[in-house]
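These notes are about the structure you will find just below.
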Amino acid sequence: MRPLQAEIIKALGVQATIDPETEVRRSVDFLKAYLKKNTFLKTYVLGISGGQDSSLAGALTEKAMQEMRAETGDDAYQFIAVRLPYGEQADEADAMAAIDFMHADVVKRVNIKPSVDAMVAAVEADGSKISDFNKGNIKARMRMIAQYAIAGNNAGAVIGTDHAAEAVTGFYTKFGDGGADLTPLYRLDKRQGAALLKVLGAPAHLYEKAPTADLEDNRPALPDEVALGVKYKDIDDYLEGKDVTDQAAETIEKWYQKTAHKRHLPITVFDNFWK
C-alpha cells in the first residue's frame, strides 16, 4: 500500500469491507442521536438530484424520522426533500423516482435559476465575466442557500451527501454541496453506498446511473469520471486498500492534496496543513 493511501484511508474512516445492514443502522442511529441531543430540531432537509448519493442520504433520513415519530409519538419530526432545478432539469424523472423511493414526508421545489442569473448579472455589472465553471459553483451554493432557508423556517438541519469517494477528490463545491450540518454517508465509498441502497430496496437505476454534478451549462451532465480523470472503481479500490495503477493512484492523490482546503474549516493562523 502506498504511504499516502494509508493516511487517506485512516483520515476518511473507510473500511475495506462492510456489512451494509450494519452501516444502514449506524447512519440512522447517528441521525436520530443528533435529534435527541438537539431537541430544538424537528426536521432534516436534503436536496434531491436523482443520483445515488442523495437517494441514499434521503432513504436513511426518512428511516430515521419514521423511527423518531414511532419512538416519541411526535409527528413534528419530518424529512423535507427539496428539488432544486436550474430551470428545467433533464433528469427530472430520476429525481422524482428517488423521492418516490425514499417516501419523503414533505417535498418542496425551488427553481434556483432566477437567483443564480441575478447573481451572475450583479457580478458582471462592472464588465467582468463569470465563467461557466464559476457559474456552476454559484448554482451549487444557491442550492445550499435555499436548503438552509427551508431549514431555518422548519426548525431543521441540513443533510449533506459527502462520502469518502467524493471527499478524497474534493469533488464538490466549497460552501455549496460541501456545506451541510450532518453527513451520514461519510466513511463510505461509492460501491459501498450502492450496497446500502440495495439492502434498502432501491431501484437499480438509482445506483447504476452515471454520477454527474451537472453544474455546467456548456457541458451538461458531464460524468464525474470524465471531470476527475479517474474511475470510481479505482477510487473505491484505492480507498479499500487495494492495488491500483500508478496513474490512478497519482490522480487520486493529486486531487486529495489539491483540495485539502475543502476538508478544513476556514483557515486560521494556527493551521499548517497547507504549508
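Counting begins at 1 with the first residue displayed.
Note: Cβ is positioned from N, Cα and C throughout, glycine not excepted.
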Per Swiss-Prot, R141, D181, H261, K262 bind deamido-NAD(+); matching candidate in K135, K174: K174
Swiss-Prot annotation, ATP site containing G47, I48, S49, G50, G51, Q52, D53, S54, T161, K190 - matching residue among T17, T22, T212, T245: T212
Candidate binding-site residues R141, E166, K174, D181, K262, pick with smallest Cα gap to D53 (ATP binding site): E166
CB contacts for S49 (ATP binding site) [other CB atoms within 10 A, all chains]: 25
Pairwise CA distance, T161 (ATP binding site) versus K262 (deamido-NAD(+) binding site), rounded so that it is a whole Å: 15
